[in-house]
Amino acid sequence: MNSENFTLSEKIVSPSYIRQGSQARRSHEQLIRHLLEQGKCPEEGWSESTIELFLNELAVMDSNNFLGNCGVGEREGRVASSLVARRHYRLIHGIGRSGDIAAIQPKAAGSSLLNKLTNSVVLDILKLAGVRSVASCFVVPMATGMSLTLCFLTLRHRRPKARYIIWPRIDQKSCFKAMITAGFEPVVMENVLEGDELRTDLEAVERKIDELGAENILCVHSTTSCFAPRVPDRLEELATLCAKHNIPHIVNNAYGVQSSKCMHLIQQGARVGRIDAFVQSLDKNFMVPVGGAIIAGFDESFIQEISKMYPGRASASPSLDVLITLLSLGASGYKKLLSERKEIYLFLAQELKSLASAHGERLLHTPHNPISLAMSLDCLQAENEKAVTQLGSMLFTRQVSGARVIPLGKEQTISGHTFRGFMSHSEVYPCPYLNAASAVGITREDVTLCIKRLDKCLKTLKKESIWSYATDLKLDQSVCKDVKKALIYY
């Protein structure tokens with residue numbers, strides 16, 4: 001209510017009570033005023049009542065919620081289900097206008113304000129996470145792969161003769177298909193093995209630039225966040241190469257916002273060389289539903305150019321989800337989540353190393369990967385070649401999600417390109433392994449339960465392998481019984 005309505009209320013209820021209610025209302029409005037003034041993530045998180053008040057205030061500014069609205073067009077924010085309307089806080093018009101996702105909608109001042117504030121708050125969080133010189137960003141209602149495609153299509157207008165994208169290999173389908181979908185030819189650069197780690201082959205990249213000609217290369221497409229034993233690309237060196245040859249540089253930073261190391265690499269790459277845009281997922285970094293990404297960069301005009309490439313209006317759901325999340329967490333809450341993730345990474349590494357040792361395996365040494373870990377499965381494969389893939393299915397059926405079991409020699413063809421050793425990021429990685437990651441939101445309980453179930457699965461597979469070996473030897477019945485008793489004890 002406004003001040004006039006509060007004054008009128010004093011005629012109905014005791015003025016002292018109304019004044020108390022008015023002060024409570026002002027405390028909510030003070031938080032909203034600071035957000036509108038500063039455009040930054042509040043230091044402390046808001047209560048749900050403040051967030052809902054704010055969203056309702058935005059919603060009544062949209063034409064579909066005007067009390068006397070008379071809509072005679074084809075897009076009037078009509079919603080058949082009240083459940084759907086409530087799910088979206090009656091913010092129905094989406095964001096942008098036909099032809100520009102960043103434009104203001106005359107019919108939807110509230111939704112337009114939501115869009116601008118979300119982009120501003122997210123920019124503040126990217127700076128807080130480590131990329132302090134980022135100039136601009138926007139939330140796009142597409143996941144990481146399609147958002148990368150949008151970046152490549154924007155570069156097409158700047159480099160119409162280019163047909164190649166140089167891509168240090170990472171075995172993840174969507175980032176490869178993003179280049180194909182945009183109509184370009186990925187040039188896959190195999191990684192080099194340094195100890196256990198797979199790292200960027202800088203010499204091969206430079207040779208390929210000289211071979212193809214810089215003018216024929218749309219961009220270098222590098223990666224930060226990835227599954228061990230692959231580690232983040234050498235971003236500083238790649239950025240320097242791109243600046244030297246005047247080649248654009250797009251970074252796939254899918255779940256890298258949660259890692260200070262990944263964000264530092266982007267900051268340093270932009271400082272010493274060239275990074276045109278970096279793309280990150282909303283769900284992986286901010287714990288919201290799948291369906292949104294952030295496209296960010298250091299040249300505001302180029303980021304605006306990408307946003308204008310998006311055809312038509314867009315769903316406001318990803319913007320709404322991430323704004324609600326960041327307002328509820330506050331900057332301090334998000335920083336706490338990032339700190340907890342780092343601590344649990346160390347705990348996961350310690351637990352995985354102990355388990356590996358107990359089963360004759362080892363934790364692969366991948367110090368340059370700040371999120372993902374890998375444990376060898378050499379002994380398991382030596383006992384039974386099928387046991388490695390069997391382990392993956394056993395973990396899945398025991399509700400251990402996210403752990404990836406990587407056998408040797410798998411092949412996968414994607415859009416005509418055959419990857420040998422697929423999922424291991426290399427044609428010749430020396431051992432099979434299991435992945436586990438410490439991502440934002442993980443708990444110590446998750447790690448403890450995973451290790452317990454993994455240990456049980458490995459023991460079960462060993463039992464099956466020993467029993468199979470004993471029966472293959474065709475030992476007499478009494479010896480087989482003794483073996484079976486020993487396995488039960490084990």
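Glycine is no exception: its Cβ is also placed from the backbone N, Cα and C atoms.
TrEMBL lists Arg75 with the feature pyridoxal 5'-phosphate binding site. A 10 Å cutoff on Cβ-Cβ distances gives Arg75 (pyridoxal 5'-phosphate binding site) a total of 13 other Cβ atoms nearby, all chains included.
Marked as substrate binding site by TrEMBL: Arg97, Ser98, Gln105, Arg313. Non-local contacts of Gln105 (substrate binding site) by the CB criterion (under 8 A, 6+ apart in sequence, same chain) comprise His93, Ile95, Gly96, Arg97, Ser111, Ser112, Arg313.
Residues or ranges marked as tRNA binding site by TrEMBL: Arg271, Arg398, Lys463.
Lys284 (N6-(pyridoxal phosphate)lysine) is surrounded by 22 other CB atoms, counting those within 10 A of its CB over all protein chains shown. If you look up TrEMBL, you'll see Lys284 marked as N6-(pyridoxal phosphate)lysine.
Of the candidate recorded positions, Arg75, Ser98, Lys284, the one lying closest to Lys463 (tRNA binding site) when CA atoms are compared is Lys284. Other Cβ atoms within 10 Å of the Cβ of Lys463 (tRNA binding site), summed over all protein chains shown, number 15. Here Ser98 (substrate binding site) is positioned 29 angstrom away from Lys284 (N6-(pyridoxal phosphate)lysine), judged by their C-alpha atoms. Within the same chain, residues at least six positions away from Arg271 (tRNA binding site) with a Cβ under 8 Å of its Cβ are Ser133. In sequence order, Gly94, Ile95, Gly96, Gly99, Asp100, Ala103, Gly312 are the residues of the same chain, not among Arg97, Ser98, Gln105, Arg313, whose CB sits within 8 A of the CB centroid for the substrate site. For the binding-site residues shown (Arg97, Arg313, Arg398), fewest C-beta neighbours within 10 angstroms: Arg398.
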